[in-house]
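Asker: So Swiss-Prot lists the following for this protein:
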BINDING   HIS23, SER40, TYR112, VAL113, ASN114, SER129, HIS199, PRO200, GLU201, THR216  iminosuccinate binding site
BINDING   CYS86, CYS173, CYS265  [4Fe-4S] cluster binding site
Amino acid sequence: MSMDIVERINKLKEEKNAVILAHNYQPKEIQKIADFLGDSLELCIKAKETDADIIVFCGVDFMGESAKILNPEKKVLMPEIEGTQCPMAHQLPPEIIKKYRELYPEAPLVVYVNTTAETKALADITCTSANADRVVNSLDADTVLFGPDNNLAYYVQKRTDKKVIAIPEGGGCYVHKKFTIDDLKRVKSKYPNAKVLIHPECSPELQDNADYIASTSGILRIVLESDDEEFIIGTEVGMINRLEIELEKLGKKKTLIPLRKDAICHEMKRITLEKIEKCLLEERYEIKLEKEIIEKAQKAIERMLRI
């Protein structure tokens, strides 16, 4: 009897001492076969801790790069590179950084991990949505440059006495920018008792009207630990898959309502089981970065991980 694709992937993983890391926004079938699921910070830490020879990263381009930066000696593969470029990660190129560095020469630059390796190499420190406020508050400066997500910068500004300068103007995630206050009113009218959980990449107006603002790992923790039964989830719809998987493991049932059903990151959905199998079989789409970029970007990420 021929093996099914999941069995074949598991066999290849074992043969090659490979590990599969998948972001919370990945399709459900990918989440189910991953060795580790998580948000950007959790996956950064897992990538650093793994003793596998090969890391297969199911996410978008900057995530694979981050895994390579933290594991320069390991082989980091992505099942797909065509169409997996996170648009926001490319909104803060070196020339924009140069302009703001000249305007604010004393201000440290904090960049979201949702950036390219080149951008991280120019930063003083990186952050994720799970630790952005802690990272900014750890810096010995009154003013910080923060990019590329303007909504995350707003979230941080509300939690620090420092002046946060959001760069570039209008930077952000196209998925989270879809959510509006009208969406919230519409869904809330149908589920008046539901708690509203949103990601800090959502607009200031939504942040000001949410019960909780959290990274995807924070959203998971709140849903699992809360006594509440209904939640409106304001982030990419793949997160609902992750929540359902974890609730099922605990034998719990809760009502999870997407703030918008079309909140889909198309770049995250490019990965399939077939592509993972081919990636392991051929060891294709390896992430390669210049040594100098790796060394500089590593300093910025390592500094974050020490906080």
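Cβ coordinates are placed from backbone N, Cα and C, and glycine is handled just like the others.
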Asker: Counting only other Cβ atoms and using a 10 Å cut-off, which of the binding-site residues HIS23, HIS199 scores lowest?
Answerer: HIS23
Asker: Would you mind pulling the longest C-alpha to C-alpha span across HIS23, SER40, TYR112, VAL113, ASN114, SER129, HIS199, PRO200, GLU201, THR216, which the record has binding iminosuccinate, in angstrom?
Answerer: 17
Asker: Let me know the DSSP-derived helix, strand or coil state of CYS86 ([4Fe-4S] cluster binding site), please.
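Answerer: SS state of CYS86 ([4Fe-4S] cluster binding site) = coil.
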Asker: Going along the chain, which residues six or more apart from GLU201 (iminosuccinate binding site) have their CB under 8 A from its CB?
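Answerer: Residues satisfying the criterion: SER129, ASP149, ASN151, LEU152, GLY172, CYS173, VAL175, HIS176, THR235.
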Asker: My understanding is the cutoff is Cβ-Cβ under 8 Å with a sequence separation of 6 or more in the same chain; which residues meet that for CYS265 ([4Fe-4S] cluster binding site)?
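Answerer: TYR25, VAL60, VAL175, GLU236, GLY238 - these are the non-local Cβ neighbours of CYS265 ([4Fe-4S] cluster binding site), listed in sequence order.
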Asker: Which number gives the other C-beta atoms within 10 angstroms of the C-beta of TYR112 (iminosuccinate binding site), all protein chains shown included?
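Answerer: TYR112 (iminosuccinate binding site) is surrounded by 29 other Cβ atoms within 10 Å.
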Asker: Non-local Cβ contacts of ASN114 (iminosuccinate binding site) (under 8 Å, 6 or more apart, same chain)?
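Answerer: Listed in sequence order: SER40, PHE62, CYS86, MET88, ALA89, PRO148, ASP149, CYS173.
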Asker: Taking the Cβ of CYS173 ([4Fe-4S] cluster binding site) as centre, how many other Cβ atoms lie within 10 Å?
Answerer: 24
Asker: Going by DSSP, is HIS23 (iminosuccinate binding site) part of a helix, a strand, or coil?
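Answerer: SS state of HIS23 (iminosuccinate binding site) = strand.
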Asker: Using the Cβ centroid of CYS86, CYS173, CYS265 as the reference point for the [4Fe-4S] cluster site, which residues of the same chain not in that list have Cβ within 8 Å?
Answerer: VAL60, PRO87, MET88, ALA89, ASN114, TYR174, VAL175, GLU236, GLU267, MET268
Asker: With every protein chain in view, how many other Cβ atoms are within 10 Å of the Cβ of CYS86 ([4Fe-4S] cluster binding site)?
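Answerer: Cβ-Cβ neighbours of CYS86 ([4Fe-4S] cluster binding site) within 10 Å number 20.
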